[in-house]
Amino acid sequence: MKIYAAPMEGVTGYVYRNAHRKYFRGIDKYFTPFLTPKQGKGWTSREKNDVAPEHNRTLVLVPQILTNRAEDFVRMAEKLADCGYGEVNLNLGCPSGTVVAKGKGCGFLADRDQLLHFFTYVFDHMREGIRVSVKTRLGKDSPEEIVPLMEIYNQFPLSEVIIHARILRDFYKKPVNREAFRKGFLLCRHPVCYNGDIFAAEDFRQFQDEFPTVERVMLGRGLIANPQLAELLTEGGSPDKDRWKAFHDEVCLGYEDVMSGERNVLFKMKELWDYMLPMFEDSGKLGKKIKKAVRLADYKEIVETLFQERELKPFEAGKGQGQE
């Protein structure tokens, strides 16, 4: 089983990815938060830093691109190939209202004629040697859309199809639709990766029992909440609080090195704690203190107390925190 780390805007940048790779096992491939091509403009400094080869030497990374313009996709894919990336991923799953309103992400799924034209142009014009994968939802408005979508995907030499088993209105919280995923999986001629609602050992076992021939899984918010998740799923064992603390400290120091001002560092770390806090026993009061901290020194003292005085919840059957 191959396990991938899903991208999350604002969270899984190169500082986070490198720290995760250093302290935890089990992830075969990481994906960047989406890069957005802009006509007549180059990469933003964030995008440039996030895909810089010197920032990603220790892991396998796939840049993800968000666009509905085939010309822009080809241009960015070839630029990324020049940086050494052999695969790029097209985002066809983002449910953000501003993204969907522009006909991108999950919104692109509603215009299948344009999607067909997009892929036709890409594979007619992009230079050889660049692998293209997609991360798709089941459809925009109905899970039944996965059938005509697969008819499109099957016409092109995609390297992989990652299926998030929800539609647009499901966002991230409604239950996944594994029957619709099954339809897509059986129809797809390409390697398929499953994404959605795997947070704990029992979830993983149930999925493997239901889909014994699916060999790739992508972990999203469950992995942010429990950075040891992939390792625990594949190797067993128990959460290692010492490694969690070392991981946290490395992420925090990494942000201190690359960001200006304590406020920006605190914002990034508090966002991470939104996912990780529920993994600790009796974390409510200390969690509130973390969120209220305005000085980095105070924040670090509170986090030190949390790791010293609170235990990680056992890794057992049932759902964890967050959604993919």
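Even glycines carry a Cβ here, placed using N, Cα and C.
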Name the residue, out of Lys29, Lys102, Lys104, Lys135, that TrEMBL lists for the same FMN site as Gln64, His164, Gly220, Arg221, please.
Lys135
Give the distance between the Cα atoms of Arg221 (FMN binding site) and Cys94 (active site, proton donor), rounded to the nearest whole Å.
14
What subset of the binding-site residues Gln64, Lys135, Gly220 lies within 10 angstroms of Cys94 (active site, proton donor) at the C-alpha level?
Lys135
